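First up is the structure itself, then whatever we jot down about it.
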Amino acid sequence: MAGRETLEELVRLQGERVRGLKQQKASTEQIEEEVAKLLKLKAQLGPDEGKHKFVLKTPKGTRDYSPRQMAVREKVFDVIIGCFKRHGAEVIDTPVFELKETLTGKYGEDSKLIYDLKDQGGELLSLRYDLTVPFARYLAMNKLTNIKRYHIAKVYRRDNPAMTRGRYREFYQCDFDIAGQFDPMIPDAECLKIMCEILSSLQIGDFLVKVNDRRILDGLFAICGVPDTKFRTICSSVDKLDKMSWEEVKNEMVGEKGLAPEVADRIGDYVQQHGGVSLVEQLLQDPKLSQNKQALEGLGDLKLLFEYLTLFGVADKISFDLSLARGLDYYTGVIYEAVLLQPPAQAGEEPLGVGSVAAGGRYDGLVGMFDPKGRKVPCVGLSIGVERIFSIVEQRLEALEEKVRTTETQVLVASAQKKLLEERLKLVSELWDAGIKAELLYKKNPKLLNQLQYCEEAGIPLVAIIGEQELKDGVVKLRSVTSREEVDVRREDLVEEIKRRTSQPSCTC
């Protein structure tokens, strides 16, 4: 070890000698001779086995976000949060991990995607898979029977990521839920109204909200002859009809899940139907389905739901779709999913769904699973698929080559002459104290042209310029970066003038 330490010191000293000769601009021959000695010493030293070469990458299914991307994300979040607040929601937060037993058995076949953590002090933990189960645990733990809440946070899934389609292992969910005992379908209709408001405000293209009811599905499975024990697994197969053909889904039911072919065919006759309230009324007259109590309740509620959606002005965006199944185990009633529509290739054809951007439903039994006395708290909610929306908005901005501001700075404090750093610092501090978003360049004597160029690059709308004459006159020269117009403003009026010029009209989206 001592020999290695001696060699390392010789390498260090030789390296300093080479750097010194380069600084002194010694002859090329002399420098090359000393570099050769340095390389010979390094060769004797050999590789350092103790040093590990880091791979600089983000983990699979995760990504970094640049300031530009974060600016886009914040605008999307502002629209979503604004809508949630407009509908009277409070905000909560829960831990990023839960006890493993809290999450176990709530997600059906997707339970395999839960991230389990190593034993920590006697507790078996898992990263949260969604925000709904932690919300139900929160309600039961705090004995709450009535709340309207939203929660925006990251969730984790040990999935096969598809980054280009906005599918990650770590991603945000934006949830809105109404918990409490209310008259049928009023909260459910509001959730669908919120979903439509948000998707319309974000202007990401035409969309359709598919609606179904788990009670109708369960009734349908029962009259078609599906064994009770296979309800959930067959439900999971039906849920794939948006990505697979009926033949593929049928093969999965029969070949992988052991369902009789004739039972699968009976299911196919129903689940390939979709429409509006007229389909609800048609199924209410169906001789078999109308005899099933569960299905009858679900169809009755859907008819009422369509009445409320008409009053809310969004019924044209809603489609009753019997193929919608939503594979999660905790849904008990109405379920829904919003998909973006691709314009039809040929005139007269139906638009194609190109991916889910929001989903939700009613889950009346989940809170009771956590309550020691099994007390139920009816709940209904929605989740916005915000990562997919971000991808769409980013792609649109890139296609338009639209410039995105990454700061909210209202004004840059600049100087036209040298030796005015102290005055710039005093003025920027006054503006900060008055709540103005202000910056200055971190140089003692920056050139005015450089300061103006910085404003143009960063999208800063105003420049507050001070010079010796302005200081004597007690004014600040306020310059508009885009129009290049300048006006002298009294120092005491500067804050109000900046606020007046940079105030944004309130968003009505």
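Even glycines carry a Cβ here, placed using N, Cα and C.
Non-local contacts of Gln173 (L-histidine binding site) by the CB criterion (under 8 A, 6+ apart in sequence, same chain) comprise Asp130, Leu131, His151, Ile152, Ala153, Lys154, Val155, Ser383, Ile384, Val386. Summarising the annotation, TrEMBL assigns L-histidine binding site to Asp130, Leu131, Thr132, Arg157, Gln173, Asp177, Arg326, Tyr330, Tyr331.
Taken from TrEMBL, the feature coiled coil covers 390-417.
Annotation source TrEMBL lists domain 'WHEP-TRS' at 3-59.
Taken from TrEMBL, the feature domain 'Aminoacyl-transfer RNA synthetases class-II family profile' applies to 37-393.
Looking at the residues that bind L-histidine per the record, Asp130, Leu131, Thr132, Arg157, Gln173, Asp177, Arg326, Tyr330, Tyr331, the two CA atoms farthest apart are separated by 21 Å.
For the domain 'WHEP-TRS' (3-59), residue counts in helix, strand and coil come to 39 helix, 0 strand, 18 coil, using DSSP.
Remark: Thr132 (L-histidine binding site) has Asp175, Asp177, Tyr330, Tyr363, Leu366, Gly381, Ser383 as non-local neighbours, by Cβ distance under 8 Å and separation of at least 6 in sequence.
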